[in-house]
Amino acid sequence: MKFILIAIGGAFGALFRYFVSKVFNTHFPFNYIPLGTVIVNVLGAFLLSFVLFSSIERFEVNPNFVLFFGTGFLGAFTTFSTFAYETLSLFLTSPFRALVYFFANLFFGFFAAFFGMVLGRGKFL
């Protein structure tokens, strides 16, 4: 049963990642860095942090929901492999753009996770 929840969540997460990346890369073209990947990674960092900290400190969350949404959906929605590939790809043409992209993912991802933690816990640190 757990594998099915993760697989279904993963299928939805992968489809949603494709949709979000396509929308941001098509309708909000920002040719300096691949914005779609930054958006999905930052949004995923926020959501996972929010859900996990909420479930630990404020609400009783069904463990099956955490498997479906956290492991399945958000695991497939966020993408470290695409981030790594795009960073190296950018590095070949513009090392500076690669650094901007790399640090944008890290900075905004950690900021989003921190913000998700604060909102999930309902208190600052």
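Just so you know, glycine gets a Cβ as well, placed from its N, Cα and C.
The transmembrane segment annotation in Swiss-Prot covers 3-23, 33-53, 65-85, 99-119. Annotation comment: Swiss-Prot describes Gly75, Thr78 as Na(+) binding site, evidence class sequence analysis.
Secondary structure at Gly75 (Na(+) binding site), as computed by DSSP, is helix. Among the recorded stretches 3-23, 33-53, 65-85, the one sharing the largest number of Cβ pairs closer than 8 Å with the transmembrane segment (99-119) is 33-53.
Taking the Cβ of Gly75 (Na(+) binding site) as reference, residues of its chain lying under 8 Å away and at least six apart in sequence are, in sequence order, Ile6, Gly9, Gly10, Gly13.
Within the same chain, residues 36-37, 39-40, 43, 64, 67-69, 71-79 sit at least 6 positions outside the transmembrane segment (3-23) and bring their C-beta atoms closer than 8 Å to a C-beta of that stretch.
Remote same-chain partners of the transmembrane segment (65-85), defined as residues 6 or more beyond its termini with a Cβ less than 8 Å from a stretch Cβ, comprise 2, 5-14, 16-17, 20, 37, 40-41, 43-45, 47-48, 51-52, 55, 105. Within 10 Å of the C-beta atom of Thr78 (Na(+) binding site) sit 21 other C-beta atoms, taking all shown protein chains into account.
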